[in-house]
Amino acid sequence: MSTGNAGQRELVFCHECENEFWKQEHGLECPSCHSDFTEVIEQTHDPRRPDTPTPGLFADHLRDHNPWAHAQDAPDPDEDDVRRFEYRSPNSRVHFSSTFISSSGNRSTQTTGFGAEPNPFNIIGQMLNHMARPQEYPSQQQRQYEGQGGPFGPNSFPGRTAAGQDSGRGHTQFYSSSGPGFMFTSTGGPGNMDREDGLPANDLHQMLDSLFPPSGPPNGGSAGGPGGIQALLSAMLNPANAQSGDAVYSNEAFDRVLSQLMEQHRSGNAPGPASEAAIAALPRRPVGPRELGEEGKAECSICMDSVTTGVEISVLPCSHWFHPDCVKAWLSEHDTCPVCRSGITPKEGDQNSVRDPSQQPLNDEDPARVARRQSGSRGNPFIVPESPSRERRQPGFRQHSSNALNTPPGGYPGSDSGGDQQGASSNGSGGSGSISGRMRNFFGGGSSSGESSRKRSSGSSS
Amino acid sequence: MGSSGGGKRIARELGECTNDPPEGIRVQLVDDADVYRWDITMDGPEQSPYAGGHFKLQLRLPTEYPFKPPTINFATKIYHPNVSNDDKGSMCLGMLRSDQWKPPNKIVAVLNMVRNILIEPNIDDAVETGVAEQYKNARDEFVKTAREWTAKYASGK
């Protein structure tokens, strides 16, 4: 199974059914599902998902991954291909830098305006127009053209010696977008971006931290700064033009794309099917006066056909009844009553039997709980307590329960110990958990948010 | 019961919706031979900024109906926190979500829910978070834009 013995024989992974097979025996078509969405597993590239991703693993991958490696290694990125721009306010409280990389051959797009193809100088110009006092703007503007080093390489911040009087790491905005033929990143924020090590964003882990800074101003002194920049960003990054084809230009648009993808796969939350044996064990009987009521007629609420005396019905433990075939079709996909959502499988005991009405159901979709769980938006369809980003972007939105908000970052099950300290000690560490947490919550490998919040609440009460 | 039962139920529901349509809603099939695609015309509720508009919606029923929820798309552009501002105009909340759908829900209930959402958007379940924020924090601007869009896109017959 290991990729180590793939010297002679090539192992192929099927993305459809996650089957693995030998290329020499089956070619590139999956023998089990006949999909051709397959990939040869190489030692350097294994498409199989890690079985149990942990936050550490995820972060390590990110840290080791340098998306600009190619930009850096590119033989000769001539000057026009990498544009860098930096701005610092006179008192060093606001700092912006941006890098725009376009692949050669696409240079003509750089001259078009914001809209069709975003021109970074227009974007930054708009930012500065609002940010700096108008009369300061032209004199403070600097443009830097450099052809070497990645956007966050050692030469990323050519003007950084100009700053340094401000203390602390400040509150940093990071913004990045890319599309066919170009890549654009910008960082900015009040205070001094530079740290002791001098390379603030060299570490992607830290970049993630700054991507989702914790809510609230980092300190009283610079409280005015982030608000201003956020306002600028949100004004500039109007969701209507923040998406263009495959490229997104704002977190909001990214959220939308992400949740659209999630939407297409949403079923993770719903209870699984009831067992065939349990469905078959549902008591059946002819419909009687109790069901038909005073009017002497009733209908199966699934097919809406009326039932008359003598028609056979299946009765669920919650005493809701349906045509046997109708309810079987539903229960074989969801172990919930179509009307009240109480499952038929007992919580304890034989899962191939029907629970006694006195027994707790295994799946009980209590409407209140559903409502609580569903109170996320499509922009943030899962309530991920680890994510403070919503709070930051939309201070008016209090859609999470306060309980969920107060949970420490990194506190999901399976994370190593010390999540609390991590959250308390660093004002930036909340971010790294948020996006990986969301991914894990959705794509599996972790627990659902509901589970984790239960776990946490039981933990906090002890 | 299977899909034939679903088709029978759909025909029954279509009959109900055409003979006794919910307030401000008109229903017809896109193609008379296909009960799974409905054309809906929804009048903007009087008490909403959509008043005076006639909004076209497409309702699609999955072949698994009623075991899977219908889908709703606004064919007419509408400025609303719960309707995606793209060429799809999709709306997906509440009972329309696959994990909240229950077979006893009827199409007429879905349509009424959509109309109620026009009167009172569900801010916590917004697809257009920017519009939701505006609805919450700058209601006048929201109402103004929603009215403008209604006049611009939904006033035609």
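Using N, Cα and C of the backbone, Cβ positions are placed for all residues, glycine too.
What TrEMBL says about a protein is an automatic prediction, not a curated fact.
Since this is a predicted model, take the numbers as computed values, not measurements.
As annotated by TrEMBL, compositional bias 'Polar residues' applies to A:98-113 (among others).
Residues or ranges marked as compositional bias 'Polar residues' by TrEMBL: A:173-187 (among others).
Across the compositional bias 'Low complexity' (A:270-283), DSSP helix (H, G, I), strand (E, B) and coil residues number 5 helix, 0 strand, 9 coil. Annotated compositional bias 'Low complexity' per TrEMBL: A:270-283, in sequence order.
Under 8 Å from some Cβ of the compositional bias 'Polar residues' (A:351-362) lie the Cβ atoms of residues 271, 275, 277-278, 281-283, 317-319, 335, 342-345, all in the same chain and six or more residues away from its ends. Annotation comment: TrEMBL describes A:351-362 (among others) as compositional bias 'Polar residues'.
Residues annotated as compositional bias 'Gly residues' in TrEMBL: A:412-421.
If you look up TrEMBL, you'll see A:300-341 marked as domain 'RING-type'. Here the domain 'RING-type' (A:300-341) has Cβ contacts under 8 Å with residues 270-274, 276, 278-279, 282-289, 291-292, 354-357, 359, 361-367, 370 of the same chain, all six or more residues outside its ends.
Feature annotation from TrEMBL assigns region 'Disordered' to A:98-117 (among others).
Taken from TrEMBL, the feature region 'Disordered' covers A:135-199 (among others).
The region 'Disordered' feature in TrEMBL is assigned to A:265-296 (among others). Outside the region 'Disordered' (A:265-296) by six or more residues, the chain places 307-316, 321, 324, 327-328, 331-336, 343-345, 351-354, 362-363, 365, 373, 381, 442, 444, 448, 450 with a CB less than 8 A from a CB of the stretch.
Taken from TrEMBL, the feature region 'Disordered' covers A:343-462 (among others).
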Exercise. On the 0 to 100 scale, where does the mean pLDDT of the domain 'RING-type' (A:300-341) fall?
Worked result: 89
